[in-house]
Amino acid sequence: MSKQQPTQFINPETPGYVGFANLPNQVHRKSVKKGFEFTLMVVGESGLGKSTLINSLFLTDLYPERVIPGAAEKIERTVQIEASTVEIEERGVKLRLTVVDTPGYGDAINCRDCFKTIISYIDEQFERYLHDESGLNRRHIIDNRVHCCFYFISPFGHGLKPLDVAFMKAIHNKVNIVPVIAKADTLTLKERERLKKRILDEIEEHNIKIYHLPDAESDEDEDFKEQTRLLKASIPFSVVGSNQLIEAKGKKVRGRLYPWGVVEVENPEHNDFLKLRTMLITHMQDLQEVTQDLHYENFRSERLKRGGRKVENEDMNKDQILLEKEAELRRMQEMIARMQAQMQMQMQGGDGDGGALGHHV
């Protein structure tokens, strides 16, 4: 009789090993198979290089170059919402990236109501998610909530404009704000540092809540702790974007060519582009968690306080029609039941009369 081989479910080499240590691998495989979803909103005046920066960040032509509107167009220019979704795959990991652009923001002569459209869009995505979450098919919910907002600040001023302050205060309880100084190549290093400090002071002065990177855990390696410290010290990020490849020091780099030299997009000594991209990639999960646990929960609690979830007009009409049909059906069933009862009583009465007459005869 041959000796029976141990099955693959038995691990005699490591007695006492249950297998819980493999759970992170299961979560990783499931997440990679499902893919990730992320929505990024970009807000800022025309001409600050928003489209170029987004294309540079994700190495894709997500946005065409826009034409800066003329003075006549700016008189009554309205804010639009343009959402573009692209599937990005890198080493087997899929990312469904949605970038929400806001052309027209800050371009009109009167900007008093220019950000109402943006706030309405953010609330609509919360509303849609709440509606889907409360429905029957909860396994296939598409998350279009805005997880992060890059707010572009002009480098040509001396800090925040009144519009910047008003807009950020209007959305800071709805979305994670990451302030970005655009076109950093127009500033010297000293000017850049002064502008950063001025913006941070004004953000604190006006009690604006921007996204704060979480502290590194105590068990993280020293390199990650140092990276987190540098990222925090770089806020607001001063960036340069470019989709052009130029030759610098014998190699091809993305950058901008000037008479006095080359500004390299991915050179940390020239600007904070790499730091901004690193922050977005390494903290993408945290941005989603803050959106879910803080901003969405605030919206959901407020909605429930006001009497439950808001139902769209179309759904409300459908529900109303169904209720009316059900009420009509119940009335018909009750009427049929009464008619059947009357017929039953008449039949019983007829049988009694017939029996008496037969007995009398």
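Positions of Cβ are set from backbone N, Cα and C atoms, glycine also.
For the ranges 28-35, 44-51, 220-227, the feature annotated in Swiss-Prot as region 'G1 motif' maps to 44-51.
Per Swiss-Prot, the range carrying the annotation region 'G3 motif' out of 89-92, 101-104, 305-308 is 101-104. Per Swiss-Prot, the phosphotyrosine annotation among the candidates TYR105, TYR121, TYR211 falls on TYR211. What Swiss-Prot records as N6-acetyllysine, among LYS190, LYS310, is residue LYS190. The stretch that Swiss-Prot tags with region 'G4 motif', taken from the ranges 182-185, 234-237, 238-241, 342-345, is 182-185. Matching 73-83, 194-204, 260-270 against Swiss-Prot, the residues noted as region 'Important for dimerization' span 260-270. Between SER134, SER218, the residue that has phosphoserine written against it in Swiss-Prot is SER218. Mapped onto DSSP classes, the region 'Important for dimerization' (260-270) shows 0 helix, 4 strand, 7 coil. Close to ASP185 (GTP binding site) in the fold, though at least 6 residues off in sequence, lie VAL240, ARG256, TYR258, VAL263, HIS270, ASN271, each with a CB less than 8 Å from its CB. Across the fold, the C-alpha of SER218 (phosphoserine) and the C-alpha of GLY47 (GTP binding site) stand 43 Å from each other. In the predicted model, the domain 'Septin-type G' (34-306) has a mean pLDDT of 85.
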